[in-house]
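Trainee: Could you have a look at this structure, given as structure tokens, before my questions?
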Amino acid sequence: MGGWSIALHGGAGDIPFSLPPERRKPREEGLRHCLQIGIEALKAQNPPLDVVELVVRELENIQHFNAGIGSVLTNSGTVEMEASIMDGNTMKCGAVSGLNTVMNPISLARQVMDKTPHIFLAFQGAQDLGKQQGVETVDSSHFITEENVERLKLAIEANRVQVDYSQYNYTQPVQDDAEKELPLANGDSQIGTVGCVAVDSHGNLASATSTGGLVNKMVGRIGDTPLIGAGTYANELCAVSATGKGEAIIRATVARDVAALMEFKGLSLKEAADCVVHERTPKGTVGLIAVSAAGEIAMPFNTTGMFRACATEDGYSEIAIWPTA
């Protein structure tokens, strides 16, 4: 086995190269901060499962990302957050959806995994578990920010749902198929799903993903993030966290397909991740981060950009948005 490795993302989408510094830098700093937390946790020999939960909790606490405190609003002006987490060593996993009072959805997903015989709990049942387990909760109004109220207003006026990191009004019509070509505009939506994958020096793997979903989504809509095998997956070969257009990710079972290509076709992590992103999903829809048991890292995307960061035990680290080669 190689040394430890970690990767995290803050969402993929049509991120313009002209993204203003005041919108770009807070996210880069957020990624840098969370990456360092993950590095220190791995150096302290914390289990990868604990590391990915810790890092995603921190990302959920940064308002510049579409998760936790930064979660976007439904067409009714409410928040419905979702998250999932998976341990590659045991294949245990937990997922939650429809949360509007839980400060850190990823930690409730961990409680589902650790404290129940189930994998996926949603809406009031999930929040009731959170109360039983002492998960931090707040009034739902805590998540209704002026910025997201304005974003929802613009989306409703255009009768559209806005996807991760689409340009200002780069949205998709509510009734259109998600795979159709979408109109472009200028700017940046300032939203992005978050995720983290990690492996320790013994090859133990874990993955975690959290999101607020789509701006102006229908109440009750569930995306790829809490679906094991779509937005999140980990086994003994790799750990994967996906981001982008949820419906496209679900159709392609993105996260599981990376692992399946490694398992059944013998592809390397990079080959498998590139195949899924560039050959199996529509252009402009998907990005992912992945690590292998050997410590390899892959961070492909078929969108304009993806906020991402990674580090390895040998000292390599990277924080990037757009293609680097």
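Note that Cβ sites are derived from N, Cα and C of the backbone, with glycine treated the same way.
Reproduced below are the annotations present in Swiss-Prot:
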- THR193: active site, nucleophile (ACT_SITE)
- ARG221, ILE222, GLY223, ASP224, THR243, GLY244, LYS245, GLY246: substrate binding site (BINDING)
Trainee: DSSP secondary structure for GLY246 (substrate binding site), reduced to helix/strand/coil, please.
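Mentor: In the DSSP reduction, GLY246 (substrate binding site) maps to helix.
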Trainee: How many Å separate the two farthest-apart Cα atoms among the substrate-binding residues ARG221, ILE222, GLY223, ASP224, THR243, GLY244, LYS245, GLY246?
Mentor: 16
Trainee: For ASP224 (substrate binding site), name the DSSP secondary structure in the helix/strand/coil scheme.
Mentor: coil
Trainee: List every residue in the same chain as GLY246 (substrate binding site), at least 6 positions away in sequence, whose Cβ is under 8 Å from its Cβ.
Mentor: GLY213, LEU214, GLY223, ASP224, THR225, ALA230, GLY231
Trainee: Quick check for the class: what is the C-alpha distance, in angstrom and rounded, between THR193 (active site, nucleophile) and GLY244 (substrate binding site)?
Mentor: 8
Trainee: For THR193 (active site, nucleophile), what is the secondary structure by DSSP, using just helix, strand and coil?
Mentor: coil
Trainee: Say we define neighbours as other CB atoms within 10 Å of the CB. Which of the binding-site residues GLY223, GLY244 has the fewest?
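Mentor: Sparsest of the binding-site residues GLY223, GLY244 by Cβ contacts within 10 Å: GLY223.
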